[in-house]
Amino acid sequence: MYNKIYELNKKGKGKARQLDLERALTARDRVGVQDMVLLDAHNSETAFLDNLKKRFSEDLIYTYIGTLLISVNPYKELDFYSKRHMDLYMVVNFYELPPHIYALADNAYQTMLAEANNHFILISGESGAGKTEATKKILQYYAVSCPSSSLLNSVRDQMLMSNPILEAFGNAKTLKNDNSSRFGKYMDIQFDCQGDAVGGHILSYLLEKSRVVHQNHGERNFHIFYQLLEGGDEDLLRQLGLDRDTHIETCYKYNGECAKVSSINDRNDWKSVKNALSVMHFDLSDIEHLFGIIASVLHLGNVQFDRDTKGNAVLNSNAELRWVSKLTGVHVQVLTEALTYRKIEARADEVLCPFTVDHAIYARDALAKAIYGRTFTWLVNRINESLENQDSTRKTVIGLLDIYGFEVFYVNSFEQFCINYCNEKLQQLFIQLTLKAEQEEYEAEGIEWEPVQFFNNKIICDLVEEKHRGIISVLDEECLMPGDATDLTFLEKMEKKMGNHPHFITQKLADKKTRRTLERGDFRLLHYAGEVTYCVVGFIDKNNDLLYRHIKEVMRQSKNSIMQQCFSSDELDSRRRPETVATQFKNSLQGLTEILMAKEAWYKPLCPDTWPHWRGVPAEGVERLVQHLGYQPDEYKMGRFIKAYLTRGEAKPTDNSEYLAFVRQSYLKRLKNNLPKTVLDKTTWLTPPPVMREASEMLRRLHTRWLVRKYVRGITPQRKAQLQLKVVTSAIFKGKKESYPQSVAVPFVDTRISEQDINERVLQAITQERIKYSVPVVKYDRNGFKPRPRQLILTQVALHVAEEAKIKQTVQYVSLKGISVSNLGDTFMILHVVCDGPKQKVPRLD
């Protein structure tokens with residue numbers, strides 16, 4: 001090849017061209033290839049590692065695997081994130097320029113515009129991989145690359161400014177990462193048909209509230225506490241009752257013993273947070289109340305208790321609690337009583353039971369966690385209000401998923417269990433969207449290929465989440481178990497149910513060698529990324545996340561407007577036990593999975609900062625990283641569709657093109673005159689010629705969507721409400737009641753008796769209640785079964801049985817334990833009522 005070039009380039013040019021090629025090959029040997037699929041030894045793990053090592057040593061932190069992007073965290077600032085680099089990657093083919101996160105962001109954006117469908121960028125990796133920074137880089141790119149106007153600039157500014165706020169309130173220093181996200185975040189960026197960013201929405205997952213009251217040695221509390229104390233001016237700190245030097249060492253943050261971190265400038269970050277709150281249109285009142293809540297948590301951490309002569313808890317000093325009272329707007333005496341006594345309701349009486357010191361500390365910490373956690377939820381909702389786009393027209397979205405990285409600490413607790421379970425679910429999603437889906441498509445289309453081996457981690461996900469048998473179900477059972485349920489009884493129950501599972505080990509189940517590495521209160525899970533040992537201490541308490549009801553009632557009295565929204569009256573009105581933290585998290589992950597499965601996926605970042613903490617030669621960390629990924633190197637064997645090149649002896653004839661154009665035009669004209677008139681018409685659609693099958697299917701879906709939209713827009717509000725109720729009742733009775741097929745076509749009626757047909761005395765008796773539903777019923781005598789007409793009236797609080805002008809019986813909903821009906825065609829209904837004791841009279845509604 002070189003000789004041929006030399007001959008064609010006489011007069012010395014051939015030597016220069018040969019030298020250029022040799023330089024290019026030398027550079028390739030030095031910095032590796034940009035795409036792993038181009039490796040000569042593409043199925044060699046050693047070659048994979050060597051390529052990453054070469055590129056990382058030259059500060060080339062991005063590498064492709066096809067359309068996947070690998071990012072290796074450099075732990076330093078690099079100079080290829082400027083406006084000039086953003087311009088360089090705009091509207092450029094994915095492989096025209098070196099790998100970059102901007103290339104991936106632009107490709108996702110351009111594909112979304114071209115295909116008018118939704119996409120998401122999955123940002124995953126171990127803790128410290130740079131996921132949060134990657135999210136910010138993508139947001140910054142969209143802020144610069146999307147079309148511009150004053151309104152759109154405001155939207156983009158708000159999207160960018162949401163990051164400093166959420167990082168301040170949701171990030172903290174851990175042993176592995178100085179800016180670790182202690183919550184999961186999924187953000188939808190909404191685009192209109194022209195590609196303008198017009199809005200957004202954020203979903204948050206499992207804030208690590210326990211960090212508020214405890215941090216491991218070498219870690220910090222959430223950034224906002226330090227930012228307030230370091231950056232707040234003297235007047236603000238005085239108003240909040242804070243002392244810069246004293247509180248930074250004596251509040252909840254003291255556990256970690258590292259208030260100062262060289263890589264974090266809390267003072268500058270405080271300015272960024274204040275500016276972000278202004279850009280997000282937080283009014284001064286909300287900002288004042290927000291800072292007051294943060295300060296109240298700091299003061300609450302300094303509330304101490306002593307024992308009195310009876311061994312009960314009493315306040316050591318009222319000074320800190322007075323500040324909590326002032327900042328939350330709850331009377332100090334009420335707060336004192338809430339933290340030292342528990343209110344027990346016995347029938348109509350209320351009894352105050354004094355706390356021990358341990359119970360008082362538990363109540364104090366539970367209140368601090370609840371205040372901070374609910375304030376964080378309020379903050380996310382408030383940001384969503386600012387990002388919300390009021391235009392109801394259809395939009396496409398690009399979702400950014402910045403979720404916790406896999407975590408392995410010296411002591412791993414409930415939080416690490418949930419975080420690593422989340423990573424298992426994301427790995428399962430990744431397998432589903434790539435390897436598994438691709439191979440299933442080959443099989444469905446009859447393409448010959450050799451299966452690629454990969455570890456399907458569904459077995460681990462089932463171990464955690466399986467109904468009645470998974471770890472979460474066992475934990476919930478133990479949390480709801482009456483009596484003295486402990487963390488050790490939870491462990492013992494797991495040993496009974498999961499003793500034979502290949503990915504579950506405890507000291508009791510392990511072999512002699514492994515048993516030495518486990519304590520009695522430990523269990524070990526063999527995750528897809530490696531082994532993690534969890535300590536069960538605190539699992540039940542953290543899963544319950546219990547806040548005494550009387551403390552909720554006290555916080556409901558707060559004069560702080562944010563606190564009033566955080567502790568709503570609806571919560572107090574409900575007597576149902578709230579779902580446990582693990583169950584809430586499992587349901588949230590299920591919802592997230594459904595969101596992501598409906599979108600096209602991009603991006604998979606990695607990080608050499610694996611396990612343990614790594615700062616050495618790239619290959620040492622990367623080798624462990626590749627092993628933990630779950631990737632198995634393999635070759636693809638492709639089938640018949642690329643057996644050989646297709647060659648033509650001459651140009652494609654125009655007659656064929658003209659005929660195909662005629663076929664397309666003819667079909668579209670006939671289709672135009674024979675379009676279905678209703679959604680239920682499944683037979684009218686014309687059978688397309690082969691050349692129009694794909695287009696015909698797209699048109700059919702569009703037309704169906706248009707018919708649905710036309711129908712929906714023509715529905716009156718009354719009809720819509722009627723249909724919604726019909727859907728609810730259908731979900732309850734479908735397949736469970738013999739009479740369902742006969743009733744399904746009957747429109748739902750929201751009442752069977754008009755108020756004019758109800759006696760005035762009955763209406764006066766329930767004048768304080770709003771009638772939701774009423775229906776005539778028949779009461780049968782116990783003796784003789786003589787039928788007697790009655791009226792069944794349902795209000796928002798109770799059920800009433802009326803006979804002409806008299807209410808014969810009332811049942812409060814709070815006393816209902818359940819309602820039963822048979823699966824036959826009858827109309828009988830049985831109400832199950834809770835009785836306080838054996839002597840209570842049971843309501844007779846027969």
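Glycine too: its Cβ is placed from the backbone N, Cα and C atoms.
Caution: TrEMBL annotation is automatic and unverified by curators.
Some features that TrEMBL has for this protein:
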BINDING   GLY125, GLU126, SER127, GLY128, ALA129, GLY130, LYS131, THR132  ATP binding site
DOMAIN    32-603  domain 'Myosin motor'
DOMAIN    737-846  domain 'TH1'
Confidence summary for the domain 'TH1' (737-846), mean pLDDT rounded: 80
Per-state residue totals over the domain 'TH1' (737-846) - DSSP helix, strand, coil: 16 helix, 41 strand, 53 coil
Other CB atoms within 10 A, centred on GLY125 (ATP binding site): 25
Cβ atoms near GLY128 (ATP binding site) (within 10 Å, other residues, all chains): 23
For THR132 (ATP binding site), nearby residues of its own chain (Cβ under 8 Å, 6 or more apart in sequence): GLU167, ASN171, ASN179, SER181, ASP402
Count of other CB atoms lying within 10 Å of the CB belonging to GLY130 (ATP binding site): 25
